[in-house]
Amino acid sequence: MPTPSMEDYLERIYILIEEKGYARVSDIAEALEVHPSSVTKMVQKLDKSDYLIYERYRGLILTSKGKKIGKRLVYRHELLENFLRMIGVHNEYIYQDVEGIEHHLSWDAIDRIGDLVQYFQEDPKRREVLEQIQKQNSEESN
Ligand SMILES: [Mn+2]
């Protein structure tokens, strides 16, 4: 199992490769706001764990294991953003909240949240009921 920090790297590397076709150490460092030397260290660690293959002058490629987990990590992040948005969390908190919780939920919890998002998406009336409750609650607390 990758550590939270390895997950952040794999998630970002997967996105960079999807968007640009490659992920350079400098791009990863910029995206994660870390020093390039930290990226090099982590990339070597990810190479050792068979998530990717890194060659200093040729760049890196994800292995099939790395691609598989990278894709799931990106899905998990997007699902949690959709979930928080759906339950009415203010936009300005969503990204930081997801970064704070994404590594700490089981895949079972992720799948159950997926069910819940689907539950609300399948019938807009369900969202309206939730909004009604939220409206009542905010009136009560004022
Ligand atoms: Mn994330």
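Cβ from N, Cα, C; glycine included.
Unlike curated records, TrEMBL annotations are generated automatically.
The Mn(2+) 1 binding site feature in TrEMBL is assigned to Asp8, Glu99, Glu102, His103. The Mn(2+) 2 binding site annotation in TrEMBL covers Glu11, His77, Glu99, Glu102. As annotated by TrEMBL, domain 'HTH dtxR-type' applies to 1-63.
Among the binding-site residues Glu11, His77, Glu102, His103, the residues whose Cβ sits under 6 Å from any atom of ligand 1 are Glu11, His77, Glu102.
Cα of His103 (Mn(2+) 1 binding site) to Cα of Glu11 (Mn(2+) 2 binding site): a span of 11 Å.
Listed in chain order, the residues near the Mn(2+) 2 site other than Glu11, His77, Glu99, Glu102 are Glu7, Asp8, Leu73, Arg76, Leu80, Val98, His103, each with its Cβ within 8 Å of the site Cβ centroid. Here the domain 'HTH dtxR-type' (1-63) has, by DSSP, the following mix of helix, strand and coil residues: 38 helix, 8 strand, 17 coil. Taking the centre of the Cβ atoms of Asp8, Glu99, Glu102, His103 as the Mn(2+) 1 site, the nearby residues of that chain (Cβ within 8 Å, site residues left out) are Pro4, Glu7, Glu11, His77, Val98, Gly100, Ile101.
Cα of Glu102 (Mn(2+) 1 binding site) to Cα of His77 (Mn(2+) 2 binding site): a distance of 7 Å. The separation of His77 (Mn(2+) 2 binding site) from Asp8 (Mn(2+) 1 binding site), Cα to Cα, is 10 Å. If you draw a 10 Å sphere around the CB of His77 (Mn(2+) 2 binding site), it holds 18 other CB atoms from the protein chains shown. It is Glu99, among the binding-site residues Asp8, Glu11, Glu99, Glu102, whose Cβ has the fewest other Cβ atoms within 10 Å in the structure shown. His77 (Mn(2+) 2 binding site) is 8 Å away from Glu99 (Mn(2+) 1 binding site) when you measure Cα to Cα. Take the CB of His103 (Mn(2+) 1 binding site) and look out to 10 A: across all protein chains shown you find 16 other CB atoms.
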